[in-house]
Every structure is written in C-alpha cells, then in structure tokens.
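Right, one structure below, let's go through it.
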C-alpha cells in the first residue's frame, strides 16, 4: 500500500488537462467505430463522397487528425506534472529510445503492408484485400500496428519520466483493447469473404470484423 500511495501522489485526476486527454482517449475509437459501422449499414459516406475510396480517404484523414490531437492533449497534460525520480536514469532513457524505435518500425511497416485503405477501415467501405500479407511485420505479431503504438507511448513515458504518462498509457491501451479490430487472417481481408466465405455477413457481401482500428 505504501508503494501505491507513493505512486498515486503523482497523479492529479482533477487536472482539466488530464481530463481532456482522457476524453480524447475515449472519444477517438468510439467515434470511428460508430461511423464505420454506420457506413457499412447505410453506405452514407460512400454516397456523400461519390465513391468508397474517397469516403475512406476522408474518414482516414479525420482519424489521423483526431489521433494527432489525442497525442497533443496527452503531451499538454504531462508537461506540468511532477517527475518520477525512479525513472530518471540513463538506462531508462535508452530503453525508452529503443522502444520508440521498435514501435516506429512496426507502425510504419504495417502501414506500408496494408496501405491506406487497409489501415483505415477500408473493409467497412467494401474495399477488401485480395490476398494475405505474410511478410514482416505480420509474421512476427498479429497486430503489429497496435503493439507498435503501445511501444511508442511506453518509450515516450520512459524518455519523459512523468508518472501520469504511465497512467494515461495504461488507460489508453486498456481502452483500446476493448475496441481492437479482429481482422480476417492477420487483419487482412480476402475476396472470398465477398462470396459468402469465412467472415461474410448474412448477405455474403462484406466482412464485418469486431473491435477497432488502432
């Protein structure tokens, strides 16, 4: 209990900046999952933008902007906070740098393998991938972009030893888990899903994964 009390004294959950960051963490995956499911049911964005690809690009761009704001709000919330001296050492700093390097590799290579529409909810727009990507990083982990972003935030927490970075990181990733997307065969979709194969919906036209994009 004494250790927990020592940890909690670095956390002020009533700070408005902290609250804004928490709201951003909750809102982002909730928003894009609701919009994506609405699009699948109604094709509203496809009709609005005149085609599935443009609609997907616009939603993906909005997701990127929301994530930029989330990261910004987390940074703002952390700057004025007390440092956790336990983490203020060169070893911890270099560990954080290594985690950020690893996370960046996973995120970038995942994006290159999936493409824009494969990364940003293209399956909800009926944009399905033709074949499975078996190369790196999907041959290492099933969800490389998810784990890459986790490594990035954890590395940033180590480099900037602020106790509430860890608090927000834990909250962010715990919330993300509840929305994590389960894609067909390592987060990739196949044309066979369109023909009523594994993962097709009742009409046999589109695959509906559960969970969320990163």
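Cβ coordinates come from backbone N, Cα and C, glycine included.
Caution: TrEMBL annotation is automatic and unverified by curators.
Annotated features, as they stand in TrEMBL:
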- 1-15: topological domain 'Lumenal' (TOPO_DOM)
- 18-38: transmembrane segment (TRANSMEM)
- 37-48: topological domain 'Lumenal' (TOPO_DOM)
- 50-69: transmembrane segment (TRANSMEM)
- 70-96: topological domain 'Cytoplasmic' (TOPO_DOM)
- 92-125: transmembrane segment (TRANSMEM)
- 101, 102, 103: S-adenosyl-L-methionine binding site (BINDING)
- 118-160: topological domain 'Lumenal' (TOPO_DOM)
- 145-163: transmembrane segment (TRANSMEM)
- 181-214: topological domain 'Cytoplasmic' (TOPO_DOM)
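Taking the features listed in TrEMBL, we show where each one sits on the structure.
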residue	record	contacts (Cβ under 8 Å, 6+ apart)
101	S-adenosyl-L-methionine binding site	155
102	S-adenosyl-L-methionine binding site	148, 151, 155
103	S-adenosyl-L-methionine binding site	147, 148, 149, 150, 151, 152, 153, 154, 155
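Packing against the transmembrane segment (50-69) from elsewhere in the chain are residues 24, 27-28, 31-32, 35-36, 39, 116-117, 119-122, 125-127, 213: each is 6 or more residues past its ends and has a CB under 8 Å from a CB in it.
With DSSP states grouped into helix (H, G, I), strand (E, B) and coil, the topological domain 'Lumenal' (118-160) comes out at 22 helix, 0 strand, 21 coil. Those same-chain residues not listed among 101, 102, 103 yet with C-beta within 8 angstroms of the centroid of the S-adenosyl-L-methionine site C-beta atoms are 98, 99, 100, 104, 105, 106, 148, 151, 152, 155.
Across the topological domain 'Lumenal' (37-48), DSSP assigns 11 helix, 0 strand, 1 coil. Per-residue confidence over the topological domain 'Lumenal' (1-15) averages out at a pLDDT of 65.
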